[in-house]
Amino acid sequence: MPIIEQVRAREILDSRGNPTVEVEVALIDGTFARAAVPSGASTGEHEAVELRDGGDRYGGKGVQKAVQAVLDEIGPAVIGLNADDQRLVDQALVDLDGTPDKSRLGGNAILGVSLAVAKAAADSAELPLFRYVGGPNAHILPVPMMNILNGGAHADTAVDIQEFMVAPIGAPSFVEALRWGAEVYHALKSVLKKEGLSTGLGDEGGFAPDVAGTTAALDLISRAIESAGLRPGADVALALDAAATEFFTDGTGYVFEGTTRTADQMTEFYAGLLGAYPLVSIEDPLSEDDWDGWAALTASIGDRVQIVGDDIFVTNPERLEEGIERGVANALLVKVNQIGTLTETLDAVTLAHHGGYRTMISHRSGETEDTMIADLAVAIGSGQIKTGAPARSERVAKYNQLLRIEEALGDAARYAGDLAFPRFACETK
């Protein structure tokens, strides 16, 4: 049996230069695995709590308390447990913390152990992680939702929408989808230069020009797709992450592109975009607690576009269940650090699929070289992954892992392509 023998932890840096937690787990059979925990810039209020140190060190963002929690409490609690019983291990972590938001020991400390245990168990079983988690039928390669133009909390510009993504839905394979996305990315750089706009990068590797607004950004990306010799809509679709909580103020409304708007007015704005651009997905179009607005928006345009819940659901089965009951969104963004254990993440995915919701696996803006989410995307058959631009090694690491998985699967590999969005046709395709 793959019994946990040793647990170690340390403080490392993420892609934004902020500290995060790395955990190592060793089993009695000699197997060893390591996991690093990501961190978000625009975080949902209802996410699992990251344990940070406060004080002057690293501007208060140190994670020595979380590391110590692993060494002093979490590690001793899981040593001796069977690593291939992930649910047992994760339940032990949840029980040990004893809070609904993992605020005592820290979601970052707990997640590091959860993921490292899963990796060690997979290695002990001599299985790739995607096969260990997903079983023998895991074979779907996801559409890469590439964030090639950054705004909002991911860039120091006046662009309110946080992410403008390209989705190579017409590619025949993941390797070709990655090539198409990379070529559009480079074409966008040329388009921006011709317009005299900045080609500096945001947190997730996308360009961060200070353009006039949403439609200006979408026009630039559409030009880049055509410049790369591809067809907007048929070959490469568009997607947005509005991260609307970031421009919502209680008592005021949505302060968006210089105008204060209601939820209904935001819905009208998005509806207008659908007729003009080949959009297949909009994430967080409204604020995280605007349940009524979300329900009305979903009823209005949910049959025309994928509506992804991130901050409103925070990968939490309880919040997702409420969303399903209220008709809120039609897809779930999956971020393992929002809920804090692999088991709870998989429970949320199962609930989403049973409720008829699509799932999109996602990175965070503060990433590491850890490639676990690439394996997770294939394991659950999500058909979609969001892990930044095809630039910066912490983003590219995930794409390269998916290339390896596609190669390992051989003839069994299937690229999701436009089947990842079966209910939504690009209106301008």
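Each Cβ is built from the backbone N, Cα and C atoms, and glycine gets one as well.
Record features (Swiss-Prot):
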ACT_SITE  Glu204  active site, proton donor
BINDING   Ala41, Ser42, Gln162, Glu163, Glu204, Asp310, Asp311, Lys335, Arg364, Ser365, Lys386  (2R)-2-phosphoglycerate binding site
BINDING   Ser42, Gln162, Lys335, Arg364, Ser365, Lys386  phosphoenolpyruvate binding site
BINDING   Ser42  Mg(2+) B binding site
BINDING   Asp241, Glu283, Asp310  Mg(2+) A binding site
MOD_RES   Glu47  glutamate methyl ester (Glu)
MOD_RES   Asp72  aspartate methyl ester
MOD_RES   Asp123  aspartate methyl ester
MOD_RES   Glu126  glutamate methyl ester (Glu)
MOD_RES   Glu195  glutamate methyl ester (Glu)
MOD_RES   Ser198  phosphoserine
MOD_RES   Thr199  phosphothreonine
MOD_RES   Asp203  aspartate methyl ester
MOD_RES   Glu204  glutamate methyl ester (Glu)
MOD_RES   Asp210  aspartate methyl ester
MOD_RES   Thr341  phosphothreonine
MOD_RES   Glu369  glutamate methyl ester (Glu)
Sparsest-packed of the listed recorded positions (Gln162, Ser198, Thr341, Ser365) - C-beta count within 10 angstroms: Ser198
Other residues, Cβ within 8 Å of Asp241, Glu283, Asp310 Cβ centroid (Mg(2+) A site): Gln162, Glu163, Leu240, Ala242, Ala243, Ile282, Asp284, Val308, Asp311, Leu333, Ser362, Lys386
Neighbour-count leader, CB within 10 A, modified residues: Asp123, Asp203: Asp203
DSSP state at Asp241 (Mg(2+) A binding site), helix/strand/coil: strand
Helix, strand or coil at Thr199 (phosphothreonine) [DSSP, three-state]: coil
List of residues, in chain order, with Cβ under 8 A from that of Asp210 (aspartate methyl ester) and at least 6 apart: Thr157, Ala158, Val159, Leu197, Ser198
Recorded positions clustered about Glu283 (Mg(2+) A binding site) [Cα within 10 Å; pool: Asp203, Asp311, Arg364]: Asp311
Of the binding-site residues listed as Gln162, Asp310, Lys335, Ser365, the one whose CA lies nearest the CA of Asp203 (aspartate methyl ester): Ser365
